[in-house]
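*Asks:* Straight out of Swiss-Prot:
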TRANSMEM  46-69  transmembrane segment
TRANSMEM  135-158  transmembrane segment
TRANSMEM  176-200  transmembrane segment
TRANSMEM  274-292  transmembrane segment
TRANSMEM  329-352  transmembrane segment
TRANSMEM  368-394  transmembrane segment
TRANSMEM  416-438  transmembrane segment
TRANSMEM  521-539  transmembrane segment
BINDING   Cys563, Cys572  [4Fe-4S] cluster binding site
TRANSMEM  579-600  transmembrane segment
TRANSMEM  647-669  transmembrane segment
BINDING   His658  chlorophyll a B1 binding site
BINDING   Met666, Tyr674  chlorophyll a B3 binding site
BINDING   Trp675  phylloquinone binding site
TRANSMEM  708-728  transmembrane segment
Amino acid sequence: MKLRLFTSGILGDDKRSMETTQDLWFFRIVHDFFATFEGVSVYQKIFASHFGQIALIFLWASGNLFYVSSQGNFEQWVSDPLHTRPIAHAIWDPQFGQSAVAAYTRAGASGPVTLSTSGLYQWWYTIGMRSNDDLSTASMFLLILSVLFLIAGFIHGYVPLFKPSLAFFKDAESRLNHHLSALFGVSSLAWTGHLIHVAIPESRGQHIRWNNYLSTLPHPDGLAPFFSGNWSAYSTNPDTFNHVFGTSNGAGSAILTFQGGLNPQTGSLWLTDIAHHHLAIAVLFIVAGHMYKTNWSIGHNLQELVEGHNIINGRFNHKGLYQTVNTCLNLQLALALAAVGTICSLVAQHMYSLPAYAYMAQDYVTQAALYTHHQYIAGFIMCGAFAHGTIFLVTEYDPEINADNVLARFLENREVIISHLSWVCLFLGFHTLGLYVHNDVMLAFETPEKQILIEPIFAQYIQAAQGKSSYDFNVLLSSSVSDAYLIPTQSANKGIWLSGWLNSINNNTNSLFIEIGPGDFLVHHAIALGLHTTTLILVKGALDARGSKLMPDKKRFGYGFPCDGPGRGGTCDISAWDAFYLAIFWMLNTIGWVTFYWHWKHLGIWQGNTKQFYESSTYLMGWLRDYLWLNSSQLINGYNPLGMNALSVWSWMFLFGHLIYATGFMFLISWRGYWQELIETLVWAHDRLPIVLWPEKPVALTIVQARFVGLIHFTVGYILTYAAFLIASTSGKFS
């Protein structure tokens with residue numbers, strides 16, 4: 001058999017010589033819709049993909065429901081949520097030895113299982129599910145919905161009769177009407193209905209299903225108070241603090257309340273408060289969706305509304321913004337991602353401070369996993385918002401349409417914005433690191449009393465104003481003689497509007513308002529440094545994307561060109577891709593600090609020992625030794641020469657995550673000549689083995705490609721490593 005020489009493609013005597021390993025990188029334009037589709041088809045394809053996205057979400061939920069109903073222990077967990085570990089699914093692995101089978105056979109299972117840390121058990125329990133039949137029925141329902149949405153996506157994307165016109169996509173008022181009223185408003189109203197008719201009765205021991213749904217009143221008075229205007233009747237007689245969730249013991253009859261705080265039995269928000277919240281959201285959004293002019297000649301015209309916005313004698317006006325937002329898809333996506341990213345971070349906060357799901361506050365591993373998961377997701381989404389905002393400025397921004405409006409002035413004043421952000425980053429960085437390093441030196445020289453410890457008195461004052469009494473500020477809700485405390489009645493318990501608030505905020509077993517000290521002060525400023533630096537990089541990358549002071553106009557460069565040093569004319573100054581690339585590292589860095597802080601603080605609260613955090617968090621060695629190293633000890637002993645335990649999979653993942661993370665640096669710190677030699681060596685090796693021929697011409701990675709590969713490895717390894725550490729160190733203490 002004649003071997004094909006690996007040089008044949010290079011020499012040009014092979015008809016496939018035009019093919020190179022660069023072909024692998026065609027996926028980089030997979031989201032460049034305008035290069036792939038024309039005109040209205042771009043909008044139609046995006047619209048159709050939304051149905052596919054929803055179908056995937058339903059399929060994911062359906063799969064979880066199916067696995068738990070068939071392989072989980074939902075019914076056993078329901079009977080004792082505090083002492084039963086939830087099972088995600090069974091494990092069938094022929095590589096398991098006897099000790100592995102024994103270690104992973106837990107939570108009452110007959111064989112090896114994976115435990116659930118997703119909070120799904122708590123969610124399903126809270127919304128009224130109680131049996132495996134409930135789960136399997138819901139699974140089938142969502143599977144059918146998923147198929148229907150896939151069909152809808154196909155019809156709207158590929159069947160000419162059902163493809164929407166361009167006018168449909170440009171009709172902003174109708175889109176707002178549909179999104180605000182139908183998607184947000186009606187779905188919130190439907191969820192309120194489920195909570196009132198199914199979840200709240202179930203939490204009080206009353207089983208509601210299709211056979212008695214229409215014959216059982218969710219409130220003793222039915223709809224009479226609604227039609228008579230006596231709406232307060234729905235909030236009278238709420239559940240007591242002693243109510244045992246899932247039973248009638250201590251249950252009330254109220255369905256829409258404003259108690260505030262957390263249920264002391266479940267550690268979660270009151271279900272009747274949640275129902276009230278969703279009803280209010282429904283009313284607000286249904287009304288908001290009908291404020292704009294659609295089929296009738298009433299309501300606001302959005303363009304007139306936006307362009308009528310003149311501030312300071314016409315400066316900073318909004319003329320041209322309506323047309324810009326309504327025609328520029330990257331700007332629309334950037335705004336949507338910015339909003340969703342912020343909401344996702346807020347969800348992470350609520351997962352621990354105001355948990356909506358019963359008994360999730362007592363499942364520490366799940367709380368830690370959900371908080372960390374949502375913060376990382378938020379970081380990626382918000383960086384994506386800046387990336388698409390930058391692509392908008394490079395490819396879609398029209399200076400003539402936006403002449404002298406607020407967007408144009410934002411670009412004109414970019415030097416001031418960037419310099420102020422830069423100053424803030426320098427201030428935060430030098431001062432925060434200076435304090436940490438000073439404290440490290442004092443500990444190293446055995447004079448801890450010389451540490452600089454700053455009490456966060458302003459933050460403590462804000463907590464005290466909300467009712468936190470441990471600081472002895474005696475201000476507003478933390479003072480029993482304050483008007484805020486006494487109004488509207490003189491009763492100490494019911495004087496404030498949210499009667500359950502003071503009980504919850506001063507309960508040190510929850511995370512509602514956690515006590516803070518000098519360690520918190522320092523790490524808050526470290527996190528502020530990370531946030532501002534990430535923002536600086538992203539904002540500068542966006543504002544200088546089309547051209548900077550050094551290079552006035554490089555719009556034709558596009559978005560994805562590298563920062564290649566001053567030798568090529570200083571493209572570092574305006575490489576938007578490079579700014580995004582660098583910002584991802586800072587985003588990961590910042591979320592690392594956030595999750596370290598959150599986890600260490602909560603380990604102390606959960607274990608009833610907050611002193612270690614207060615004493616060790618004021619200097620860097622404390623973080624490295626008493627948080628990272630100390631909490632790694634169980635993890636790295638998941639398997640050793642003497643055997644293994646149930647943490648072994650996390651130990652392996654911890655090691656593997658480090659490997660992926662470290663591999664990233666091979667791509668990030670290297671010369672391109674090295675890549676050319678390496679890839680040619682690989683192709684030569686392939687050609688020596690005739691069954692694995694490599695037809696393409698070997699071409700090294702470009703700068704952008706190598707950085708992209710390195711960034712992906714760095715990111716995946718970074719997150720896998722911390723995920724393993726987080727779950728293993730928490731479950732090792734509270735299993």
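Every residue, even glycine, has its Cβ placed from backbone N, Cα and C.
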*Asks:* Please report the Cα separation of Tyr674 (chlorophyll a B3 binding site) and the residue listed as 'chlorophyll a B1 binding site' in Å, rounded to an integer.
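*Replies:* For Tyr674 (chlorophyll a B3 binding site) versus the residue listed as 'chlorophyll a B1 binding site', the Cα atoms are 23 Å apart.
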*Asks:* Let me know how many other Cβ atoms fall within 10 Å of the Cβ of His658 (chlorophyll a B1 binding site).
*Replies:* 15
*Asks:* Cα distance, the residue listed as 'chlorophyll a B1 binding site' to Met666 (chlorophyll a B3 binding site), nearest Å?
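*Replies:* Computed Cα spacing between Met666 (chlorophyll a B3 binding site) and the residue listed as 'chlorophyll a B1 binding site' is 13 Å.
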*Asks:* With pairs restricted to those 6 or more apart in sequence, evaluate whether the transmembrane segment (416-438) and the transmembrane segment (521-539) have 3+ C-beta pairs under 8 Å.
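*Replies:* In this chain the transmembrane segment (416-438) contacts the transmembrane segment (521-539) - 3 or more Cβ pairs sit under 8 Å.
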*Asks:* For the transmembrane segment (521-539), which recorded stretch in the set 274-292, 368-394, 647-669 gives the largest number of Cβ pairs separated by under 8 Å?
*Replies:* 368-394
*Asks:* Would you say which of the binding-site residues Met666, Tyr674 has the most Cβ atoms within 10 Å of its own Cβ?
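*Replies:* Neighbour-count leader: Met666.
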*Asks:* At an 8 Å Cβ cut-off, counting only pairs 6 or more apart in sequence, do the transmembrane segment (368-394) and the transmembrane segment (329-352) clear the bar of 3 or more pairs?
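*Replies:* Counting Cβ pairs under 8 Å (6 or more apart in sequence), the transmembrane segment (368-394) reaches the transmembrane segment (329-352), since there are 3 or more.
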*Asks:* DSSP secondary structure for His658 (chlorophyll a B1 binding site), reduced to helix/strand/coil, please.
*Replies:* helix
*Asks:* In three-state terms from DSSP, label Met666 (chlorophyll a B3 binding site) for me.
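*Replies:* Met666 (chlorophyll a B3 binding site) sits in a helix per DSSP.
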